[in-house]
Every structure is written in structure tokens, then in C-alpha cells.
Amino acid sequence: MITTTIFPGRYVQGAGAINILEEELSRFGERAFVVIDDFVDKNVLGENFFSSFTKVRVNKQIFGGECSDEEIERLSGLVEEETDVVVGIGGGKTLDTAKAVAYKLKKPVVIVPTIASTDAPCSALSVIYTPNGEFKRYLFLPRNPDVVLVDTEIVAKAPARFLVAGMGDALATWFEAESCKQKYAPNMTGRLGSMTAYALARLCYETLLEYGVLAKRSVEEKSVTPALEKIVEANTLLSGLGFESGGLAAAHAIHNGLTVLENTHKYLHGEKVAIGVLASLFLTDKPRKMIEEVYSFCEEVGLPTTLAEIGLDGVSDEDLMKVAEKACDKNETIHNEPQPVTSKDVFFALKAADRYGRMRKNLT
């Protein structure tokens, strides 16, 4: 039995970490191609941020908004031949796009998340969408980012919703890794996960339960606290290592299914993954104590527990079945669950999860 565990080359986290970005880039050379969110460029770093660089010349390009094949192709055409390193600065889709551009051009990549809303930063994976925002495919990359740099002072100033969504994404990590472990299903490398991966996935879950509420309060006050540092690490590093080396299963497949309904597109990745986690609890018949624990956590930090909270109030059975069918595509990770799963199973699990969430809110 061969197991494989993969990691980013270097993980840097802390208040003020952005101030050592040039130092990290200079290890790769003198020319950097930067893909950055427009909002981050203007309002977080400032448009003149790179003008203070003395060791590295920067070719800065604004991200178009969607991690699509078209955007990857557009940006790749703007990279100068002598570029030494590609840099992604912003949210998950910006980072995934930068990783894809670096892969296409065979360059090292440095990832700088400005929100802790997904576990995308550390992974050797880009999630590709259509230009309209519908999930298209996973792009598996041959290597993880060379550097992931997270400035928690920047994260603390972002709206709390982003950190909470990151907790929703991270919430799936242990449940999906545990399913893969039980089934001997492969992780994202195509091989089995290691003891290390499963332990990190469990640590991720425990950290969320222990520090999630305190971390949310910290970002609401725009303060960097030990609780925030722990949750940023859980959302970014632990979840990234856990999902990639532990494996994905139902929760992310259900997220992908939800993207077929346009009303969900304005909601964050982790918000939809949280619904996938809740549905998976009923899909895999988890003990009531665990179901209560997960719903309570979601309610405390502000994650959605009903379909209405991700834009699907009054969703028809026909549309919900479309979600279930997409989630059960033959190439989806839902087939890493220990038992066979059909679209009808997912349909009923979604309805059960929604009903339970509404019951707890006294809506039924």
C-alpha cells in the first residue's frame, strides 16, 4: 500500500507578513507577474504598493473575475518571457487562476490570500468554472505552490463573512477525509492518504469547534487574536493539507451540484460547502449527537443551515434533482463515500438537511 502526502513549499502567516513579500519573491528571481483582485489592488494594498520594491520588478495585471479557461488564456498571453515567478493576490478564484497560469508557463508560483474564505491557497489544484460561474472541472497541477503567504492583519480587516465561509469549507475536511479513509478511496494525488493527512483533518475540525466563534468576533472587531490566527491556519493550511492529502467526498460534490442553479452563484464557496456537509450527515447516517454538534456550530458562526440561505427558498423538486444529478456525475468525489450513492439519495439528503435546519429555526 502506497500513501502520498503533499505540501506547499513554504507557509508564512502572521500580522504584517505582506511586508516580507518582496523578500520571498526575490528567492525566485528579479521579475514577477502579479495577478491581483481589483478591489485588493485599490483598497487593501494600494495601487502603489509595488513601487517600493527594489529587488523585484513587477508586471501587475487585474484579475477578470472568474477562474475560467478564457481568463487563464488571457493572462498567460500577458506574461513576459523573462518572468521568474507568478504571484496571485486576492480571493480563491484569483489564486486558482494564478496557479493555472504558472502551470501553463512552467513558472514557480507564490500565493497571497487576502481573505481566509477557502482552502484553495495551499493546494495543487485549480477549480475551473465557465465564464458564467458554473463549475466546469478540476485542474490537477503537478506541484503545490512554492510559497503561501497570509497576512492576518489583512484577513482581520476583511468582512467576517469571508472568514466564516472559510470555516464552512474547512468543516468538510474531516468528514470527507474520514469517508475516504473508510473506503480506502484515493486522495487528490490518486493514492491513499497518510496517517498525517487524516490527523491534520481531525485537528482542523477540532480547531473550528474550539476557536471559530472567537475568531469571528475578532474579525468583527478587526483585531488579530490567537483565536483568529488558529482559525486562519485551520481554514488555509490544515484544511488545504487535509482535503488534498486526505481526499474529497460528498460535501464538495454537492457544492458542485448546487452551482447548476444560478441563484446560488452569489453565495460563497464555503457557504455552499456547508450545505453539502449538512446533507452528507444525512446521506451517511451520522449519529444524532454529531448532527447536533455540526448544526450548532454552523448556527453559532453564521453558516447557512437551510437552502433558503443560499438562494433556494422554495426550490422545486425538479431543480433539486438537477443538483443531485450533477453531484453524482461519474467523475465526482461523492463516489468516495463508503456506500454507493445515487442522485435520489442526494435529493432526499438535501431535503432532510434543509428540513432539520428549518426545524431548528422554528420555520416548520
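Keep in mind that glycine also has a Cβ here, set from the backbone N, Cα and C atoms.
Per Swiss-Prot, the features are as follows:
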BINDING   D37, G92, K93, T114, S117, S123, L125, Y129  NAD(+) binding site
BINDING   D119, D169, H252, H269  glycerol binding site
BINDING   D169, H252, H269  Zn(2+) binding site
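The Cβ of T114 (NAD(+) binding site) lies under 8 Å from the Cβ of D37, V40, V44, I89, G90, G91, D151, I154, V155, A158, each of these being in the same chain and 6 or more residues away along the sequence. When secondary structure is read from DSSP and collapsed to three states, K93 (NAD(+) binding site) falls in the helix class. Compute the center of the Cβ atoms of D119, D169, H252, H269, which mark the site for glycerol; besides them, the chain residues with Cβ within 8 Å of that center are T118, A120, G168, A170, A172, S239, F243, H255, G270, V273. If you check the binding-site residues D119, D169, H252, H269 against G92 (NAD(+) binding site), the ones with a Cα inside 10 Å of its Cα are D119, H269. Around L125 (NAD(+) binding site), the C-beta neighbours below 8 angstroms that are at least 6 residues distant in the chain are D96, K99, Y138, L139, F140, L141, M188, E244. Neighbour counts of Cβ atoms within 10 Å were taken for the binding-site residues K93, H252, H269; the minimum is at H269. Of all Cβ atoms in the shown protein chains, 22 besides its own fall within 10 Å of the Cβ of D37 (NAD(+) binding site). Put simply, the two farthest-apart Cα atoms among D37, G92, K93, T114, S117, S123, L125, Y129, the recorded binders of NAD(+), are 21 Å from each other. Of the chain residues outside the Zn(2+) site list D169, H252, H269, T118, D119, G168, A172, A251, H255, G270, K272, V273, G276 have their Cβ within 8 Å of the site's Cβ mean position.
Around S117 (NAD(+) binding site), the C-beta neighbours below 8 angstroms that are at least 6 residues distant in the chain are G91, G92, F162, L163, A165, G166, D169, N235, L268, H269, G270.
In sequence order, G166, D169, A170, T173, N235, T236, S239, G240, G242, F243 make up the list of same-chain residues 6 or more apart from D119 (glycerol binding site) whose Cβ falls under 8 Å from its Cβ.
When the alpha carbons of S123 (NAD(+) binding site) and H252 (glycerol binding site) are compared, the span between them is 15 angstrom.
For the binding site of glycerol, formed by D119, D169, H252, H269 according to the record, the largest Cα to Cα distance is 12 Å, rounded to a whole number.
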